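Visitor: Below are the features listed in TrEMBL for this protein:
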ACT_SITE  Asp133  active site
ACT_SITE  Asp147  active site
TRANSMEM  20-41  transmembrane segment
TRANSMEM  73-92  transmembrane segment
TRANSMEM  99-117  transmembrane segment
TRANSMEM  137-162  transmembrane segment
Amino acid sequence: MEETAVESGVTVVRRRRIGVLLAVALLAYLIDLGSKLLVVARLEGHQPIEVAGDIVTLQVIRNAGAAFGMGQAMTAVFTLIAAAVIVVIWRIARKLYSLPWAIALGLLLGGAFGNLTDRLFRTPGVFRGHVVDFISVQHFAVFNLADSAIVCGGILVVLLSFRGSNPDGTTHQAAKGE
């Protein structure tokens, strides 16, 4: 009887963590989707809008490649990679008990879905769609909010890993140098 109560408590915690992951992912996805719909409707075909002088501007760019415009001819490959990332995150989520990991994975999942949506549904066609990028930082890349979610989630994953935190809530010690 006692073991069942413990299992039930563990299941509740895991469900809550998955709920957090899905809520963060949905929020990141909807913010990305909404921002892209807005900038395409309002900015495409217009002059860039200066947000912080000429350091940060808003302008619509259609990106067939990955970060920094790399791999312009590999749109289908990036589509498959995004789909694979989503599957991997979902597999990890089945054993998820850590709140920080739920947030990190939610950011990655929401960002991956945001850019995958573009690749599947935007022109020039399915698996070849160009991602809408619109935040331009001087001497840097043009990116979108899905990219920002992916980067923030990735940084959080690295920090959690360095701290020895695992998605299942356990911790491990890094090997100490002699």
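Residue positions begin at 1 at the first shown residue.
Every residue, even glycine, has its Cβ placed from backbone N, Cα and C.
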Visitor: Under a three-state reading of DSSP, tell me whether Asp147 (active site) is helix, strand or coil.
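Guide: Once the DSSP labels are grouped into three classes, Asp147 (active site) ends up as helix.
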Visitor: Just to be sure I understand the packing, how many Cβ atoms besides its own are within 10 Å of the Cβ of Asp133 (active site)?
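Guide: Result for Asp133 (active site): 24 other Cβ atoms within 10 Å.
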Visitor: Report, as numbers and ranges, which residues of the same chain sit near the transmembrane segment (73-92): CB under 8 Å and 6 or more residues beyond its ends.
Guide: 64-66, 105, 108-109, 112-113, 115-116, 119-120, 127-130, 167
Visitor: Do you know offhand how many angstrom separate Asp133 (active site) and Asp147 (active site) by C-alpha?
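Guide: One finds 9 Å between the Cα atoms of these residues.
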Visitor: By a simple count, how many Cβ atoms lie within 10 Å of the Cβ of Asp147 (active site), its own Cβ left out?
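Guide: A count of 21.
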